[in-house]
Amino acid sequence: SMASPALLMRVVASAYSAAEKAATIVRSVMATGDLGIVEKTGANDLQTKADRLVQMSICASLARKFPKVTIIGEEELSTDEVTEELIEDGHCEEILQKTCPAQYTGIKEEELVIWVDPLDGTKEYTEGLLDHVTVLIGIAYGGKAIAGVINQPYYNYEAGAGAVLGRTIWGVLGIGAFGFQLTEAPAGKHIIVTTRSHSSTLVNDCISALNPDSVIRVGGAGNKIIQLIEGKASAYVFASPGCKKWDTCAPEAILHAVGGKITDIHGNSFQYNKEVKHMNSAGVLAALRNYDYYASHIPNNVKQSLVP
């Protein structure tokens, strides 16, 4: 008989289905017209009913299947009141068919940390900028992001009635990333994607120093990494604290799986072990190609202002 798939592949396959379930929750909450918005630390830090339900759904579904895995979600919620209809028991068969990279075949449950952002781009969600919104499930081992799932619940939403809404992108280091068409940004162009709602003098000074041909301002870290892997932007630059580990874990795994690079503004790798602080306090710098060009153009005053 065939050996059962490695733990990592089972976790990714289940995360894929959990993310698809999450997308249906995100869309159904929006369809009710009652988002149940609460401010966490201010008007730019919001939580909706979708954030709450999705996190409960993903965390409870994965915890039921993989009880020894550490799961860290953005929202501080108790999982006591999780109703059965929030549980997703399925998995993506196509992922289980892939061969697990040799260096990950021996992983045990207690060695994995899953970082969950139930709704990345909450502010944009509340403003109806639905294509900015993603659901992020990142899987870390040894402090490194090694696999990730990004669901876009509203992918294709401007294509009109009858269009299939939503898509799920997934990747594993050593296998690659799937669910999208890998495209490089136009050669010789510096197209910077950055924050939409958390701008500052520092953020803008840093971007100016990179001599951009154009600047795209959008919400969501997941959305920004998608801009890189689909060739719409050549670098993602955020010279500010504010981004958290659950924002970057899944996108990092997918970007690294296709040969890109993401670090803080100093060039330090992000760490994803369960004891790590949640804030990426020294900003974000990412590119699919030519990372070194952007890293070498970050001004010293920007680096001095952002302490890891």
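Note: Cβ is positioned from N, Cα and C throughout, glycine not excepted.
Annotation source TrEMBL lists Mg(2+) binding site at Glu74, Asp117, Leu119, Asp120, Asp247. Within the same chain, residues at least 6 positions away in sequence whose Cβ sits under 8 Å from that of Asp117 (Mg(2+) binding site) are Gly73, Glu74, Thr134, Val135, Leu136, Ala221, Gly222, Lys244, Trp246, Asp247, Ala250.
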* **8 Å Cβ shell about Glu74, Asp117, Leu119, Asp120, Asp247 centroid, Mg(2+) site members excluded** => Asp51, Val116, Pro118, Gly121, Thr122, Thr134, Val135, Leu136, Gly220, Ala221, Gly222, Lys244, Trp246
